[in-house]
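Colleague: Grabbed the feature section from Swiss-Prot, which reads as follows:
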- G11, K12, P13, S14, S15, G16, K17, S18, D83, V84, A85, G86, L87: GTP binding site (BINDING)
- 5-274: domain 'OBG-type G' (DOMAIN)
Amino acid sequence: MPRDPLIGIVGKPSSGKSTTLNSLTDAGAAVGAFPFTTIEPNQATGYLQVECACSRFGKEDLCKPNYGWCSKGKRHIPIKLLDVAGLVPGAHSGRGLGNKFLDDLRHADALIHVVDVSGTTDAEGKNTRGYDPLNDIEWLQDEIRLWVEGNLKKRWGSIVRKHTATKSSIVDTLQAQFGGYGSHAPMIQKALDRLKGLPPLEKWDDEWITRVVKSFMMEKFPTVLALNKIDHPDADKNVSKIMLKYPDTKAVLTSAVTEVFLRKLKKQGFILYEEGTEFVDTFEDEPDKLKPLDDKILNRIENIRDLVLYRFGSTGVVQVLQAATDILGLIPVYTVKNIQTFTGGNGTNVFRDCFLVKRGTPVGKVARYIMGGEVTIASIETVGGVRVSEESLVEPGKNDILGFKIAPRSA
């Protein structure tokens, strides 16, 4: 059974990494047990917001997930987050908590790199003015590359000799070296396919080793940039520089401290706030539902509206987790016992169970993942009781609501 996806949160000190993590993990609602068997000390549970299947069928009032929650058709799905500590220049050589940083990193399926785009903290998180946050993006990539590359080069002579003696494929040889980072053969093949004119492994020089490692990093460590502190006056110019330098990298503009502030006021009953949107209502808008705020807080909310919400459409926190799961190709799949009513059995609650699955996964593989390998699947059905083959693929809005019929055990 595949393990749950794990999103690593990285960032230098004072970048807003801890605040971002807090904003992603704040439940904001009474939530039941987690679906995960273990949560390590440096792991947390975040909540991915998606359009729930209940909204397709007008069943929002009946949607009661077993894990997470659903509000007005917005489902919040639990997902594991990893707080990756120790990010400082020189981490690859063990500086700071470098060894722990790199050991944590290899467990992550994707990274959210929190970048302070205000330019008010230097490479080590100390207060300054006019710092270029492009440096932070570059040295994170350099630290990972130097770590992987250094481990490879230390053994390169023996790697080449064994590769030649055993007549192994490049994929098999690299998998033997990269397996400790959580790689698998298809991942390595995809990384190699990106490289044009790749010579035989025994002819690789330092430049080719670097190119291979960089391509491997794109597969193993896909990264979303959380460009944080967007309400600072210097943020605009720094965001523009980053977008120009990294046009193909997924980037989301965020203000994590704003998100945490708004959620706190919402919990205390001072505002109505819909996460992931620009909408904030106060006592002046809803006097029957909300408590009044003092002028100082009201002025801060007005500034938040002007500098963040109306300008960017949201604080970006909901969107950054969506972007991380998107680069992994993960989509929600709903499993039900009754494909006609979408319930879990005899009750009236719908779409109780939801799993994150890679887009394009065969339906039969999903069935074995959910039901376990010890049962025999007699048939698989989707909306309307339509039978689907095990080879049919899961796609957004297609084969993403499934019911499994189990074959009776033979005597």
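Residue numbering: from 1, along the chain as shown.
Placement of Cβ uses the backbone N, Cα and C atoms for every residue, glycine included.
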Colleague: Within 10 Å of the Cβ of K17 (GTP binding site), how many other Cβ atoms can be counted across all chains shown?
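Modeller: A count of 26.
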Colleague: What residue among the binding-site residues G11, P13 has the most other CB atoms lying within 10 A of its CB?
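Modeller: The largest 10 Å Cβ neighbour count belongs to G11.
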Colleague: Please work out the mean pLDDT for the residues of the domain 'OBG-type G' (5-274).
Modeller: 89
Colleague: With an 8 Å cut-off on Cβ-Cβ distance and a minimum sequence separation of at least 6, pull the same-chain contacts of D83 (GTP binding site), or say none.
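Modeller: When sequence neighbours closer than 6 are ignored, D83 (GTP binding site) has I9, K17, S18, L21, N42, Q43, A44 within Cβ distance under 8 Å.
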Colleague: Could you find out if DSSP has K17 (GTP binding site) as helix, strand or coil?
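Modeller: The three-state answer is helix.
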Colleague: CB neighbours of S15 (GTP binding site) within 10 A?
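Modeller: Neighbour count, Cβ to Cβ under the 10 Å cut-off: 25.
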